[in-house]
Amino acid sequence: MIDLLPKLEKRAAGSSSSAGGGGGCSCAHTPGEEPRSWAKQRPRAAAAAAEPGWPNKHSLRLLQDFSNEPNSNLTSHSLEKVTERAESEKRVRQLQLGSEERGLMRDTASGQKQRAVQGSSRLKALYEHPLYKPDLPHLSEDDSLFNLNSDEEDSPAGEATGESYPNWLRFHIGINRYELYSRHNPVIGALLKDLVSQKITSVAMKSGGTQLKLIMSFQNYGQALFKPMKQTREQETPPDFFYFSDFERHNAEIAAFHLDRILDFRRVPPVAGRLVNMTQEIRDVTRDKKLWRTFFVSPANNICFYGECSYYCSTEHALCGKPDQIEGSLAAFLPDLALAKRKTWRNPWRRSYHKRKKAEWEVDQDYCDEVKQTPPYDRGTRLLDIMDMTIFDFLMGNMDRHHYETFEKFGNETFIIHLDNGRGFGKHSHDEMSILVPLTQCCRVKRSTYLRLQLLAKEDFKLSSLMEESLLQDQLAPILIRPHLEAMDRRLRLVLKVLCTSISQAVTDVTTYYVQTFLCLNSRFLISLCI
């Protein structure tokens, strides 16, 4: 049994005393080191009095992974809380409302809500459908990522319950062999609100990766990965861009989370959009000197910064606010690798990431036969999960799926995590059929996935309408413009057509493997598409 909270302090008194003592934070700097002219230090007394009743800051941070990338927690910074913002949240909201562009976006979102009134209950009806209500197998201790230890030594009677933990920790506790979160888990909604409303106490650049990403820490000791806005919603990926040099879009991360949930995969960590004040919530609270030094004021008197990364981190590609407000996506962290190790797998249908070379699967039509004989794809549901991920990526137009991850504790009998979806939704005018090659080569799909795709192609549960309704819940709505929503409907029909015209070797369920049949013979809907 893994004790999830081996070092948590007693709530209330224990929390205050530990914080006041400056507890052992694994920061890159020494605890007593004072920042110089590039950032202000908040008095430790203020940090100690942050919020009574919370567990020790360092203990909670041990439960956070510092990004959605493998081995990232080995190189990321664990930062102490710094600087109290002088301006209140009310003033920030006033600044937001004063922005002309945000006003236009709000008007657009309002218009979308009016158009969606007729179908406002579609999302609720979808989740009430029998296809979205199958029960999980009974969960044993081996099926839960963490098992809470209710030892009386660690907590007084009646004090240690999961409900007393912050929402990000409750999200971690709920992860199991079959899903990142359950279908109707209220913690996810609460966590999304936290990502938008929690006070940002420190910011650092995420090490590694091709484009700039920031690690943001919150007052409740939760953390999230921030991807700033680089393109407007109307801009498409330039036609001459390779997939590996495309921009990462913040709205794609948000939309991917909602799409994953509508498909009932639930393999994308919660993501929410947030309007961030670059001055008060990034520059003034960062202890990352390299990041701080890249801030400047543009000729238009806007606050800008560019950070350090492989692509697009220069003055020419700076991220500028209006005048200091910038949109971004915030993705909740998974548990720290020290507590829940993850295994990184190379995607069998990984692209070459080369301007001229092709990958093996692009030249060998029998490539899937090799994959099916190679562990872990020779048994269990792993190959079928790859097919799920293929469909997910095709609906978004995401060509950048080079690796995926699983939780090591569950071995090969578990779901795969859909991380890093920022290169989706780049082109609504083009359907990249090569993304579907795994489906056409392997000719198999989970029966549950196939039935849900059929459902989402019906007028009553139209995918674009469901996505529009779901995305309106985000603070930055509208997240996707109409052409992207319509592209998902078009791509869904293409997926069903591929399934119909291919001789399928199997329509499988999680508990029934490799039952050979023809898809067209099993579905009037698919037969109509074939014709």
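Note: Cβ is positioned from N, Cα and C throughout, glycine not excepted.
If you look up TrEMBL, you'll see ASP400 marked as active site. A C-beta separation below 8 Å, combined with a sequence spacing of at least six in one chain, links ASP400 (active site) to TYR243, PHE244, ASP246, ARG351, ASP420, ARG423.
Proximity of GLN211 (ATP binding site) to non-local residues of its own chain (separation of 6 or more, Cβ distance below 8 Å) is seen for LYS227, LYS230, PHE247, GLU248, CYS309, SER310, TYR311, TYR312, CYS313, GLY422, given in sequence order. Sequence annotations record features per position, and here TrEMBL assigns ATP binding site to GLN211, LYS227, GLU248, ALA331, ALA332, PHE333, LEU334, GLU405, ASP420.
The compositional bias 'Basic and acidic residues' annotation in TrEMBL covers 1-12 (among others).
The compositional bias 'Basic and acidic residues' feature in TrEMBL is assigned to 78-92 (among others).
The domain 'FAM20 C-terminal' annotation in TrEMBL covers 295-505. For the domain 'FAM20 C-terminal' (295-505), the model's pLDDT averages out at 94.
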Long-range same-chain neighbours of ALA332 (ATP binding site), Cβ under 8 Å, sequence gap at least 6?
TRP168, PHE171, LEU191, LEU195, GLY222, ALA224, PRO269, PRO270, VAL271
ASP420 (ATP binding site) has how many other Cβ neighbours within 10 Å of its own Cβ?
26
Around the C-beta of GLU248 (ATP binding site), how many further C-beta atoms are within 10 angstroms, looking at every protein chain?
25
